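One structure, pasted below without further comment.
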Amino acid sequence: MRIGFGYDVHPIGSDRPLVLGGVHIEAPFGLVGHSDADVIAHAVMDAMLGALALGDIGAHFPPGDETYRGADSMELMAHVVALIAKEGYGLGNVDVMVLAEKPKLLPHVPAMRENIARVCGVDPGQVSIKATTTEKLGFVGRGEGIAAQAVALLVKADESIREVAR
Ligand SMILES: Nc1ccn([C@@H]2O[C@H](COP(=O)(O)O)[C@@H](O)[C@H]2O)c(=O)n1
Ligand SMILES: C[C@@]1(CO)OP(=O)(O)OP(=O)(O)OC[C@H]1O
């Protein structure tokens with residue numbers, strides 16, 4: 001078993017779509033980034049890469065690279081899943097904490113869990129997503145950005161199969 005941690009922040013911008021965990025959320029603002037700026041997907045990918053000391057997402061998908069302009073981060077996640085599978089690992093479970101003052105994310109959590117589970121080839125029960133405000137404190141509290149943290153446990157591919165079957 002291997003454990004990894006991921007963290008990402010993107011600034012809020014008015015003329016951007018809000019995509020979190022692969023879910024397009026209706027909101028008067030979105031997140032600014034070279035890709036779709038999906039902080040949840042980015043934190044999850046970094047946690048999975050970190051678990052196997054495979055570097056970070058910037059090393060695999062360089063931010064300045066035109067290939068990744070407007071990229072769908074769930075597609076990038078599929079590449080990361082393939083990378084860890086090549087190393088003989090699969091996702092055991094992942095736990096995500098999203099820091100966002102707005103919008104209310106709870107209604108979107110089931111769809112996010114399903115998206116991530118589908119891409120990772122696991123059951124939604126192995127994907128946890130939680131949200132908190134920062135009680136109006138700091139950059140999140142001022143509505144300047146959204147952050148996400150993730151911790152992922154990777155298991156040898158055969159253990160992963162057992163986990164899904166349980
Ligand atoms: N963007 C968010 C933030 C929070 N939630 C949900 O509200 C609960 C209370 O949040 P506090 O920051 O006031 O503790 C939190 O546990 C989440 O269930 C949310 O849906 N979206
Ligand atoms: C996935 C990438 C690709 O450009 O997304 P960005 O939107 O640039 O986001 P960031 O979290 O700053 O860096 C990760 C990049 O690799």
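Cβ atoms are placed via backbone N, Cα and C, with glycine included.
Okay, these came from TrEMBL:
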- 1-154: domain '2-C-methyl-D-erythritol 2,4-cyclodiphosphate synthase' (DOMAIN)
- ASP8, HIS10, HIS42: divalent metal cation binding site (BINDING)
- ASP8, VAL9, HIS10, HIS34, SER35, ASP56, ILE57, GLY58, THR132, THR133, THR134, GLU135, PHE139, ARG142: 4-CDP-2-C-methyl-D-erythritol 2-phosphate binding site (BINDING)
- HIS34: site 'Transition state stabilizer' (SITE)
- THR133: site 'Transition state stabilizer' (SITE)
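Any idea what these are sitting next to in the structure?
Around the Cβ of HIS10 (divalent metal cation binding site), a 10 Å sphere holds 21 further Cβ atoms from the protein chains shown.
Sequence-distant neighbours of PHE139 (4-CDP-2-C-methyl-D-erythritol 2-phosphate binding site) (same chain, 6+ apart, CB under 8 A from its CB) are VAL9, GLY145.
Cβ neighbours of HIS34 (site 'Transition state stabilizer') (same chain, under 8 Å, six or more residues apart in sequence): PRO63, GLY64, TYR68, ARG69, ALA71.
Secondary structure at THR133 (site 'Transition state stabilizer'), as computed by DSSP, is coil. THR133 (site 'Transition state stabilizer') has a Cβ environment of 14 other Cβ atoms inside 10 Å.
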Output the one of SER35, THR134 that, of all these binding-site residues, has the highest number of other Cβ atoms within 10 Å of its Cβ.
SER35
Kindly assign SER35 (4-CDP-2-C-methyl-D-erythritol 2-phosphate binding site) to one of the three DSSP-derived states: helix, strand or coil.
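DSSP assigns SER35 (4-CDP-2-C-methyl-D-erythritol 2-phosphate binding site) to coil.
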Taking 10 A as the limit, how many CB atoms besides its own sit near the CB of ILE57 (4-CDP-2-C-methyl-D-erythritol 2-phosphate binding site)?
25
